Amino acid sequence: MITSKLLAYVAVSVLCVFRVSSRDTFIAAVYEHAVILPNATLIPVSHEVALTLMNQNLDLLEAAVTSAANQGADIIVTPEDGIYGWNFNRETIYPYLEDIPDPEVNWIPCINPRRFGYTPVQERLSCLAKDNSIYLVANIGDKKPCNASDSQCPPDGHYQYNTDVVFDSQGKLVARYHKHNLFMNENQFNVPKKPEVVTFDTVFGRFGIFTCFDILFYDPAVTLVKDFHVDTIVFPTAWMNVLPHLSAIQFHSAWAMGMGVNFLASNIHHPSNRMTGSGIYAPDSPQEFHYDMKTKKGKLLLSKLDSYPHRPVVNWTSYASSIKGFSTGNQEFKGTAFFDEFTFLELTRVTGNYTVCQKKLCCHLSYKMSEKRTDEVYALGAFDGLHIVEGTYYLQICTLLKCKTADLNSCGGAVETASTWFEMFSLSGTFGTQYVFPEVLLSENQLAPGEFQVSSDGRLFSVKPPSGPLLTVTLFGRVYEKDQTLNASSDLRAQTLEIMLLVIIPIVCSLSW
């Protein structure tokens, strides 16, 4: 495990050694788990009661691990909160936590379970990996004692961390990652003092790991790819889908393409909280994905991946900056998508070329519909600004989207179905960042594998008519360096707080209900 940017040079050296005896492909598995939740309580349960619940979830995970191994999987990823669920505060989660040592101790819990105290969950996970000869990624809670000599030590005398663990095919603990970017209501956990950059090496590539909300920030997510040259990301998550741009399968597959890595995303399955959407994504296309709001069943996905995927170089502003904006004479209008105010243009014709700008971002679209329906409205939108709800991060977004109704005031609202078919599209933008994630989402939250590409000059375009009506075609840009340099006005923050008191924020990682 590597946990410091200062050791980034080691990544290149070790990478060369591992590739000498490496495999070109591997079989990945992810499991979308229908978690058994604890009863909500303000009084901590006993450790025995906590362990009973965790073993019920581990029974389900064991069946998935065994099935994956029997089908030849080399690694399996399970979701965030998959062992104990949510409904916790700081005190009530404590009986579910174990002390998880640094992997440098060279420990196989299945063989020596009491070496670091009573750790029955780690023992069972280790034995699952060992008995099935498979790498196993799981999410549990870590506790670390501290005292008054540590000025940041919590009043109860210990730190609590949302933690991912990885056991290799011999059952050895090979990675431990403490989630850095906690979601707004994860007050049962502490934020690590600094971001941890965690990798582990296998004969089928170098892997990096982070959790849920981490994906929206530079550290550790981008650092793992840019500085540590990982080939594959393992991603436990408890993700609530947020349309039009942050549905799980939509954004996670886009991140894989934008960063040029394999991405193994394992989500909780809990449709009543809009939690579904897991996948195995390669940089060029999704390989397997699952989105199911109708049943309450878990789902195991498997797919073969290249161990060392090709990472194409894209200049995301090259094409858009080289052309003049298209003039249509249409009137621009404002609309809100996930609390951000976009500038929109309505697509009024069956085919056309449109440009819409906001601040320094100009978005160019060429498209052709099969027909222009009178009951559906599509718009081209641009957003260039600081998002401040449930987190603070700077976005540049170009998007073609279906409006919720034929009323232009509905553009930007969440919509899941469409009837308009497109024959082609090409979208580009004058982005001020090289971190852009290309999304294509079809009606009923379906992806479009193999139906679009990204050119080296930054165009997201269809290579064939999409196989279903379009919900969104989006270039989702992150300008990380502006996250901390800009501050929203006090009036805007006051308005945001008022909104948050009136609605349920429709995105969650480890939501406590």
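Just so it is clear, glycine is given a Cβ too, placed from its N, Cα and C backbone atoms.
Predicted automatically and left uncurated, TrEMBL annotations should be read as such.
Listed in TrEMBL:
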- 1-22: signal peptide (SIGNAL)
- 31-321: domain 'CN hydrolase' (DOMAIN)
- Glu80: active site, proton acceptor (ACT_SITE)
- Lys179: active site, proton donor (ACT_SITE)
- Cys212: active site, nucleophile (ACT_SITE)
Lys179 (active site, proton donor) versus the residue listed as 'active site, proton acceptor' - Cα distance in angstrom: 10
Count of other CB atoms lying within 10 Å of the CB belonging to the residue listed as 'active site, proton donor': 28
Cys212 (active site, nucleophile) and Lys179 (active site, proton donor), Cα-Cα, nearest whole angstrom: 9
